[in-house]
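The transmembrane segment feature in TrEMBL is assigned to 193-216, 261-285, 297-320, 332-356, 362-384, 419-441, 453-479, 491-511, 523-545.
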Amino acid sequence: IGICSPYIDKEEVVLWMNTVGPYHNRQETYKYFSLPFCAGSKKTISHYHETLGEALQGVELEFSGLDIKFKDEVMQTTYCEIDLDKPKRDAFVYAIKNHYWYQMYIDDLPIWGIVGDADENGEDHYLWTYKKLEIGFNGNRIVDVNLTSEGKVRLVPNTRIAMSYSVKWKKSDVKFEDRFDKYLDPSFFQHRIHWFSIFNSFMMVIFLVGLVSMILMRTLRKDYARYSKEEEIDDMDRDLGDEYGWKQVHGDVFRPSSHPLIFSSLIGSGCQIFSVSFIVIVVAMVEDLYTERGSMLSTAIFVYAATSPVNGYFGGSLYAKQGGRRWIKQMFIGAFLIPAMVCGTAFFINFIAMYYHASRAIPFGTMVAVCCICFFVILPLNLVGTILGRNLSGQPNFPCRVNAVPRPIPEKKWFMEPAVIVCLGGILPFGSIFIEMYFIFTSFWAYKIYYVYGFMMLVLVILCIVTVCVTIVCTYFLLNAEDYRWQWTSFLSAASTAVYVYMYSFYYYFFKTKMYGLFQTSFYFGYMAVFSTSLGIMCGAVGYVGTSAFVRKIYTNVKID
C-alpha cells in the first residue's frame, strides 16, 4: 500500500476496519469482525504489513470490503446483509450496552463510529446501519474524513439487517501537512492551568537552586576562611571548629555502597532511561510522531536499544570504582533489568488479553522479535559500554582516602534517619510534575492525542533540577548528622517520587476514568507500575549523579592532616 501517496482519479481508496471496544476502556479492543458485522463483497486487496509498534499496540487492520474510488461519488448502496439470529443479537446488545465503538482508517486518517444506541428505558436496542462518509480532498490527496452514522434499525431476532454506505467527495482547503490538526485538542492541552503549572514549577526550581548554592557557598566559604586563618588560630579553637558535621566522616564517605552490584545496575539503567526520554521527546518535537500508528512506540524501542552503551558505561564504571569483581554478572543484570520488568508485565497482561480474545494480545512473532532485540542488540551494545566504562573511568579516584575501619554512626534525631529522608525526598519532585502527569495519563488512557512535547521537555528538565537539588539538600543533612550512607539514600530519596506517582495513578483511576473489568484494570495498574518504576529509577540515577558531584566537590576542598 502506498501509505498516503497521492491518488489518481478513480484509484482504489481502502477503508480499513481496525478495532471495536468499550468507550470507557481504551485499551480493551477487539477485532472489528469479532462482532457479527458483515463485510462488503470486494475481496481483492494488496496486503498490509504492520510495524512492530502497531503489533504491540494491538492494531488489527482488516479490509472492510467497501468499494471506494478516488473522487467517485457513491449514492446510498447496500453492501451486505446480517442474518440476525439470537447469538448475533445478544452480541450486538452486549456491545451497545457497553457503549462499544469502532475505529476505521482511510489513508491513515482515523475515523470513529458508534455501534448502536439504546432507548431511554434500555429495553430496545438499535444498530446504526448506514455509514455516510464525507471525504475532503485537496488536489490529489485526501485531507479530511467525516463519518455520520444513520439508519437506526431495531434489533429483532431472526430478521435480516441491510448495511449500507455512501461516499461524498468535497474540495477542502486543508493542507496535507495539517490534516491531523483537527484531531488535536488545544483547549485541553494549552489550558491556562498547564502554563500555570510550568510557571509554578519554575519558581520552585529557582528557590531550590538558591538553597543549594547557599549551602555550598556557606560551607565552602567557612572552610576557606578557616584554612586561610589556620596559622593564626590556636589549637583549642581549631579542634572545636572541626568537631562537627560532615568533615568528621571524610574517611568513610567514599566507602563502597552496600550491594554495589544492584546499585550500579540501577544507576546505569536510570541513565539510560533518562537518555531515552530526552532523545524521544526531541524526536517527537521535531517529527510529528502522533500522525502514524505505533510510531511513538517503535521509536522508543529503537532508541532504547541504541542507547544501551550508556547503561553499560555508567553501570560498569561505577561498579569498577566500588571495587566490584563480578562485572559480567553486573552487565547482565544492568542490561536486562528494565526489559525484564517491561516484558514480565506485558507477559502477564498478555495472558488476560488472550483469555479475553482481545486484539491487544501480543502475537508470538512479535514477542520473539522483542526477545531478539534484547539478546542481539541490547546485550552486545551493553557489553561495549561496560568495557569502555571500566577502562576509561573505572579507577577509584576519590579525593579522600577510605579508612580501614568504618566509624560507628552516632544516634541522631528521628527526622534525620535515612528512611524518613527517603520518604520526604519524593514530595517536591512529584509536586513539580503532577499536573503534567494528568495530561500524559489523559492522552494515554483517554482519547486525546498528546502533542505538546515542548511542555514535556520543560517538565523533564525541571524534574531533573528539582530532583538533584532535593537530594543534595537531603545528603547534606545526612552527612552533617555524621551518617556516611549517602549513596542509597540519595538514590532512594529521588526514586521515592515513583511511589507518589503510583499513588496518584490510583486517584486518577477512581476519580478521572470510568474503566471497569479485569482486563482494563490489570492493564492500567500493570503498565502504571512499569511507568512509575522506570520514572523512579531515572530520578534516582539523576539524583545520585548530582549528589555524587556535590559530595566530591565539598570533600575536595577539605584539607585533611
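Using N, Cα and C of the backbone, Cβ positions are placed for all residues, glycine too.
At the 8 Å Cβ threshold, with sequence separation of at least 6, the transmembrane segment (332-356) lacks contact with the transmembrane segment (193-216), having fewer than 3 such pairs. Beyond the ends of the transmembrane segment (193-216), by six or more residues, the same chain brings 428, 431-433, 435-436, 439, 452, 455, 458-459, 462, 465-466, 469-470, 472-473, 476, 550, 553-554 to within a C-beta distance below 8 angstroms of the stretch.
Same-chain residues lying 6+ beyond the ends of the transmembrane segment (419-441) with a Cβ under 8 Å from its Cβ atoms: 188-189, 193-194, 197, 201, 204-205, 208, 450, 452, 455-456, 459, 462-463, 466-467, 470-471, 474, 477-478, 489, 492-501, 504-505, 508, 512, 539, 543. The list of residues near the transmembrane segment (261-285) in space but at least 6 beyond its ends in sequence, with Cβ under 8 angstroms from a Cβ of it, reads 296, 299-300, 303-304, 307-308, 310-316, 318-319, 322, 324, 326, 329-330, 333-334, 337-338, 453-454, 456-457, 460, 464, 487-488, 491, 534, 537-542, 544-545.
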